[in-house]
Structures are given as structure tokens and as C-alpha cells.
Amino acid sequence: MGCRWNPIGFQFSCFMFLIITLQSRSSLSLESEGFVLLKFRARVDSDPHGTLANWNVSDHDHFCSWFGVTCVDNKVQMLNLSGCSLGGTLAPELSQLSELRSLILSKNKLSGDIPNEFASFAKLEFLDLRDNNLNGVVPPELNKVLTPENLLLSGNKFAGFMTVKFLRLQSLYKVQMNKNRELSSVSADVLDCVNRKLGYCVSRRSLITRNKAKAFVLRIRATSRHYMVRRESHGKNYVVNYHPSENETSIFKRRELLEETSNLAAMPAPDTPSPSPEIITIVFPRSSGSFPALTNAKKRIPPLIPPSSPPPLPTNNTIASDPPRKFEEKSKGFKDVWLYVVIGVAAFVAMLIIVAVIFFFRKRAVKSIGPWKTGLSGQLQKAFVTGVPKLNRSELETACEDFSNIIEAFDGYTVYKGTLSSGVEIAVASTAILETREWTRAMEMTYRRRIDTMSRVNHKNFINLIGYCEEDEPFNRMMVFEYAPNGTLFEHLHDKEMEHLDWNARTRIIMGTAYCLQYMHELNPPISHTKLVSSAIYLTDDYAAKVGEVPFSGQTGSKPRKPMSGDLDQSLLPLPPEPETNVYSFGVLMLEIISGKLSDSEEEGSILKWASKYLENDNLRDMIDPTLTTYKEEELEAICDVARHCLKLDESQRPKMKYVVQQLKEVINISQEQATPRLSPLWWAELEILSSEAT
């Protein structure tokens, strides 16, 4: 059996073939324009400035991004390479650019003649070849396609009678344009006609510039004996009279007879013969309808027309000029009013936005911690002033995976690792007490004072406090800190499984710790670190020092204060150490960093006893950690010299941390910015906590 004819399938095949054909033609068109430009590039043999550097053959599909090329709908409409000092010849293939409207190649070093193909441009409107080394004869067809103002050829070496004649015509055109510009600057009294088809005119003080775009010349007649225009020249007024020839007069009269039969508003010609009318040349812009309103209409010049001549028609002229002038004045007034209205509305909207932003951030501001629900004394309430946000237990429980990820357990509290929804890691310290009755008022006051103290510290080399959590059912007291993922300094110095620290890393840790202690001691009032040891120095990914503080300091063993009167026994509160104690601890810490020995061990005893013999005899090389392959002797001497001053037994003789930083900085060239972590997750953690709190 034969196959049955399926007209629908045949039509669909034809339709797909048509689409493929159109797409291929479109791509060929795009490729052809790119290759045309490359042919022009091939004829350029000198490009001193590298103007055509991005005209690559491999990138011919993106020719619209080439220098000097302007496209519309992937079609080249303008090629502007003026002043590029290009040398070579003109490519006749440029005429294949079907949408090219402007070709500007002036102020180059192009030679040869103009190709005859340039006369076959489809839509070329402007050609500028000035100031080149072109020669030969200009194609005559090119003079017919483009007018003198749109074909610029001066500054070349063309030959031929037609070329010279065209260049002279172009020069005359420039001279005429210059004269028109001079006339545009001279104010004059011109004649405003009532009707374009009539010659009856009235005096009007204005002058329409001759060189305005789309202007043309009108011959205006009147029945008076003279046509006069008063002009200002060097501060003087004079009258110009123009006397037409007999031929012009006869032509004008025949035109007048024709107009009288076809114009209802035309006035009859005078019975008595009058002298031949005088003609002047005035420029008016092209428009439809009556002439536009002219300014200064009220300042009229006395009529120069004799009484014997017919009077002008002032009524129609007033109708033609005064209402538009008044409309322009009203329009200007309305524009000013609208301008003030728009400015006022914009200012009002801006004020609303500012108020809304302030209200939004005040609403999301950090919540202050309120007094303890069981009741606190006035001194306890005053001691608790902070600005860190309060968090919910459920949020921290989710971040810490039900508090299953334990970093380290201490005497009295446990530290958990958590991850916020944004991926930022945090450390959560939670007290070991699980019942309210076991949490004394002294513990509560110590807890709140700890939050108040740490919330005042905001340094890049400090484990900053970013939140807290307190609930009574179920009972919990927690603090949220930054997380330093690279362990502690103690682990890197004494645990062989941890990554080894070279000399530069150790000096950077020393400087970062010193900068942080100086910042804490210079606060008002000063803040001292509770227990400055190597296990309290945490390291970031780039081995920057982050000084960590003991979150729950009730178990630090500090000496108690003297009892004070009140409802709370102040002797239970630990006394924070003095800044001089931190200076002493920093001296011990520096010896531990450079030697790699424990600060205090049962086998070797105190590090001070071990290091004293080297410090007294200036035998500093034997103090260096054996695992260090290289070190800087000048920096070692500076560290040991500062350590001697920090370890003085008399607290009054110990230097301030500011002096310590200055002495170290003179030798160790590590600034405060270089000692800080390159990437700190603190701000991301705060942002995440604030956003979750607002929702």
C-alpha cells in the first residue's frame, strides 16, 4: 500500500525549514558585518595607539563591543575612529554595512583615493574624512548622495575639477553659516505677519535666529513704500532698504493676484498704483499654523509706514501673539509651583523613611538584662548594666545539637560548640548547676558582673561575648562567645599531635595578646584578665591570638573581699586581679612561647627557676624551643628583656602594658592590624542572633 499524503506534516516541515533559514541568514548577516570590519582592519598598516587592539578575528561575533563601533540591534550604525593616527587605505567593503549612517575617520593618516563603492551606501547620512592624506578624485556620485554639510573632505590632496568645485561650495557654505551666527546675536525689530499667505505685517521686536535647525527664508512684503528693519550695530541704529528688480516685482504681483482668489482673509489690492514693494529677508522656524508668539510684545516701535498705505491688522496679530505669551507665563508659573511641590513631597518622604529606619532599629535594639526574679539588692541591680542580647534556650539547643557537642568540661561549667543557621560557629558556656535552689545570690551577682565586664570588651584579639541565656524553668545560665576553631596555644606548644608553630607565628601571638591586654587595661575603669595562661589563648584559622576569659569566675579561687554591710555577703564575691598581675602573667607566657616548656610542672618545676640562669648570664640561645629551626636573635633579645621587667617581684616596678607594647613593637614589626584575625565571624554571629531575636 502507498503512503497517504499528510498535508499537516508537510506544512510543519516547511515551517521548520523557514525558521532555520531565517536564523542562518541572521547569523550570516551578523558574521558578514564582523568580517567587513575585519577587512577594514586588514587595510590598516599603522596603529600607533593600539586603537584596533580588540578587533580580533576570534571575536568577530561580538563586533559591537569593538572600539569605535556603535550598533543598534546588532547592526553597525556608526564607525567613529577620529584622531587615532591610523595609517592605510579605505576599504570598499565598508559599503556593505547596510545600516551604517555615520562614518567618521577624520584626523588620521589614511592615504589613497575614496572607493567608488562609497557612493552605494544604503543609509549613509554623514561622512567625515578630513585631515588625512587622501588623494585622487572624489567619486561624483558621492556628491549627489551627501550634501556639503554632511560630506567633510577638507585637509586632503584631492584633484579634479568637480572635487575643487565641491570644496569651494563647502567653503561658501561655512562662510554663510558664520554670517548666520553673527545675525543670530543681533537684536532687531522684525515684521510679524498676520497670515503666511498675506503680506500685511505689523512691527514686532524680536529676531528669530537664522541658523536655528529646520529654519527657512521667507520673503515678506507690505504695501508700504519702504520695508525697514532697525538693527543695532556697535550701539547705533540704522535702517536697511532693499529695492527689488523689475522681474521680482512682476512675479510678486502675479503671486498676489493668485492669493486674493484663494484666501478669504486677503485684503484687496489698492486702486492706485504704488511703488514697487521692497523686500527684506527674515527667517522663521518651520511650523504649522500661525507664527509663534514673540516676547516683548508690549514694547512696540512707532509705525514706519506712511499714512497713505493701508494700515496693518492689529487685531489678528494680537490674537496670534498675546494669548501664547500669557500661556507661556502661566506655564512657567505652574512649573515653578510643581517644582516646589515635588521638592516638598520628596523631603516629606525622606523624613518618613528616616523615622521608619530609626524606629525599626530601635525596636530591634539589644534588650537589656532585667533584675533577677527572686529579688536583688540595689547594689546588685546597679552592678548589672549590659547591652548584649538575651537568647532563648531553644535556639541554643538547636544550634548545639541538644548540647551533645562538648568542646571541654571545666570545674563548674561546660563549653559546647554550636552552629547558627548561617553556618557561623559559636561557643556556648553553660553552668553545671541544674536547680534554682543551688544557685546562690552570690553566684548570680558574679554571673551578671561577668556579663557586664565582658560586654565592655570589644577587641579583635579577644573572645568577644555575643549573647547570654538565663531561664528558671528549666534552670540554666549560659554565655555565648565567638568560636576559635584552631585550639589553644597550650595545645600547639605542648601537644606533639598539633601543628607546629614557627617563630613568626609565635611572635604574632605575643603581639596580639599584648595589644588585647593594653586595650583592656586602658578602659575606664580598667579590666584585668582573670587568669592569663596559655590555655586561655585560643587560635583562629590563620593562627591569630584570641584571648579567652573564664565565663564563670566563682571557681577561680581568687582572694575574697572584706565583708560589707547589706543583705548580701560580699565576701563570697571573688576579687578580680590587678593589671600588674596580668603583666607578670604575660612575662611568664612569653617565656613559655619561646621555650616550649610548661609554665609549671612536677618534673622541671617552675619555668621562672629554669629561665633565671639563662636570663642572668644572657645565654638566650639555649632557651629556644628545640623544635624551632630558625629564629630572629634580635627579636629574642627584645622579648627576654621585656620579660625581665614584667617578672619583677615588686609590683610597682613592673611596666604598664602600653610600655610593653612599645618596647616589643620597636623590634617586632607586627602592627595591630597584622596581629588581628583576617576573617572574624563575630559580626555574622551578632547579625544572626539579632535577626532571630527580631522574629
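Cβ from N, Cα, C; glycine included.
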Based on what Swiss-Prot says, identify which of Ser184, Ser290, Ser394, Ser652 is the phosphoserine one.
Ser652
Quickly, which of Asn316, Asn392 does Swiss-Prot have down as N-linked glycosylation site? Just give the residue.
Asn316
Among Asn80, Asn486, which is annotated N-linked glycosylation site in Swiss-Prot?
Asn80
Could you measure between Asn80 (N-linked glycosylation site) and Asn56 (N-linked glycosylation site) for me? Cα positions, answer in whole angstrom.
18
Per 10 Å Cβ neighbour count, which of the recorded positions Asn56, Asn80, Ser652 ranks highest?
Asn80
Within the repeat 'LRR 3' (123-144), count helix residues (DSSP H, G, I), strand residues (E, B) and coil residues, in that order.
5 helix, 7 strand, 10 coil
Alpha-carbon distance [Asn56 (N-linked glycosylation site); Ser652 (phosphoserine)] in Å:
77
Return one of helix, strand or coil for Ser652 (phosphoserine), based on DSSP.
helix
